[in-house]
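Novice: Residues or ranges marked as active site, proton donor by Swiss-Prot: 52. If you look up Swiss-Prot, you'll see 13-24, 47, 164-165, 213, 215, 217, 265-268, 271, 274-275 marked as NADP(+) binding site, on the strength of similarity to another entry. As annotated by Swiss-Prot, site 'Lowers pKa of active site Tyr' applies to 82, with the evidence given as similarity to another entry.
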């Protein structure tokens, strides 16, 4: 079944498929085949970012599969990318998007997100660091970056724009100056970080929420030895047995029923296909609440740095760091 049938509408009428292919941590050598396979089995939503350093390979897949006389029409595909932290200066925004478009071999994006609210030093080094290993920050106001992003919509380079990793206060701050409203907020979200308040905040303001790491990001580099493993959660495994589905499919179904878009990453064909097969069953209201009640406010994705031999949150020193607020 194609995920193309199962979507939510953005405030501007665009339709975003509820399941997309995530590409963070997908190796350049593998990502082209993963995207081609995903498109062949019915995916119509691909989530990308300049900072993942694999957009050119994704572009090769698009070139083979998408466009006039190809299997998929461009207008049937939803492509997201993200503006990186080193490109927040208003003058850098359009060139950054044009580079992404050239890499992806596309004329426009369906959605362009500001990847984080905080900026790094301008330049082409994705992770500019001081000699002691800490990040070199820039203090461009994200509202100025937003105003530059609005021009991309006027120019037809992006159909919609949005935010990633912003907290509720920062979202309202952007809304206070926006002439083009953010259409989407993309954040980490899964039963251990259910984000109920943030989702309600967004839905009230007309933003659709996309969940990254919806399966708890089992392949991260920095792992805490004591962290809970979402795919091993007994309640989830029990539901998987009941519906003859995998624990991953239960997690994705839970989000789809909440009208939350998910972008599970995989380069394995069997998993790519399985992640799409969540539209042939439903969880009961009781089961939905049970999965939601597993929340522990456990954030798996906090970028870390090693400073003086100790792991520390990479961006906590920036005034716009989003994770100090309750939500």
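Every residue gets a Cβ built from N, Cα and C, even glycine.
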Novice: Rounded to an integer, what is the Cα-Cα distance in Å between residue 267 (NADP(+) binding site) and residue 52 (active site, proton donor)?
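Specialist: Cα to Cα, residue 267 (NADP(+) binding site) and residue 52 (active site, proton donor) are separated by 14 Å.
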Novice: Here the binding-site residues are 13, 17; which one has the lowest number of other Cβ atoms no more than 10 Å from its Cβ?
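Specialist: Each of the binding-site residues 13, 17 was scored by Cβ atoms within 10 Å; lowest is 13.
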Novice: Please identify, from the binding-site residues 21, 215, 267, the residue with the sparsest Cβ neighbourhood, meaning fewest other Cβ atoms within 10 angstroms.
Specialist: 267
Novice: Report the same-chain neighbours of residue 47 (NADP(+) binding site): residues 6+ apart in sequence with Cβ closer than 8 Å to its Cβ, ordered by sequence.
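Specialist: Looking at Cβ-Cβ distances below 8 Å from residue 47 (NADP(+) binding site), excluding near sequence neighbours, one finds 20, 21, 22, 23, 24, 80, 186, 210, 212, 263.
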Novice: Write out the long-range same-chain contacts of residue 52 (active site, proton donor), meaning residues 6 or more apart in sequence whose Cβ is under 8 Å from its Cβ.
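Specialist: The list for residue 52 (active site, proton donor) reads 23, 24, 25, 26, given in order along the sequence.
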Novice: Could you state the whole-number distance in Å separating the C-alpha atoms of residue 275 (NADP(+) binding site) and residue 82 (site 'Lowers pKa of active site Tyr')?
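Specialist: Here the two Cα atoms lie 23 Å apart.
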Novice: Tell me the Cα distance separating residue 82 (site 'Lowers pKa of active site Tyr') from residue 13 (NADP(+) binding site), rounded to the nearest angstrom.
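Specialist: About 21 Å separate the Cα atoms of these two residues.
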